[in-house]
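A quick write-up on the structure given underneath.
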Amino acid sequence: MNAPHTPHLNEADAAAAVEANAAEIGRRALTRREQKEAYENNKLFKRLVRQVGQAIGDYNMIEHGDKVMVCLSGGKDSYALLDILLRLRERAPIDFDLVAVNLDQKQPGFPEHVLPEYLTKIGVPFHIENQDTYSIVKRLVPEGKTTCSLCSRLRRGILYRVAGELGATKIALGHHRDDIVQTLLLNMFYGGKLKGMPPKLQSDDGKNIVIRPLAYAKETDLEKYAELREFPIIPCNLCGSQPNLKRAEMKALIRDWDKRFPGRVDNMFNALANVVPSHLMDTQLFPFAGLRATGEADPNGDIAFDEDPCGTGASAPGGAKSVSIVQFDDL
């Protein structure tokens, strides 16, 4: 009787098996990597939505019946602002409207089709304001000098006017945590002021309320979010203006601190909401001249000879008082 035939695995079959096994391992690794990326992306989205919702609640930025004019420049921050406000509106317990506004300043090479196409695609009402401020700035500012200051003033006046024409009750800007800290440092280093960039303010013409819903968001998170959402970014160097070197210096400083000293920038930001006027030097904020010993203990009194305890970390803006306009359990 013949012995049963045992098939032999030749070299080609063995190589194919190895390749198949390697491909399967690679597929599983890719799946795990994709799962991790999806998890991190979801965390990023939830974090940004939570931060924007908290900022809105802490400062009562948006109220029932508001019409919010979102200033859209084509940069990552304003795109993210509009995108997150749209998502928040779906879950908010109040009703409010959004309208996107872009000021086309007629810089050479500005891709004027990008924003209308994007906003039409996502179904957001919008208004494009065409004003040739570029020519005005170029005519008035000497060659080689930065045009940012004059350009900003012209842009601000136009946007305030447009807000009135559209019936907007709030004007939303895309400034974030890093912008606020940069402004604080710029005013300290170059202006001799303790002055930041408030999350909510009355405009200088007294007719508008300006809000910054991204106040609690980090720029690095917004960069990742813009990449994830694939926003059609319009470059910000079209005007050919000299860069704001002082602000760029502050930005680099903050990025460096974030890497080398985790938590430092967060504490600086939190300090803006934990001010002790009696321990500063502004006589307009605290009546130093009339200060007298009362004979009663004061919990806010100065220890005088002891070092003030530090390193415990400041509580975040809003603290326990924060009220969110959205529930996050279903995100």
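A Cβ is built for glycine as well, from the same backbone N, Cα and C atoms used for every other residue.
Feature annotation (Swiss-Prot): of 73-78, 175-180, the stretch labelled motif 'PP-loop motif' is 73-78. Listed by sequence, the residues of this chain that lie at least six past the ends of the motif 'PP-loop motif' (73-78) yet keep a Cβ under 8 A from its Cβ atoms are 102, 114-115, 173-176, 214, 219, 222-223, 225-226, 231-234, 236. All protein chains considered, the CB of Cys151 ([4Fe-4S] cluster binding site) has 20 other CB atoms within 10 Å.
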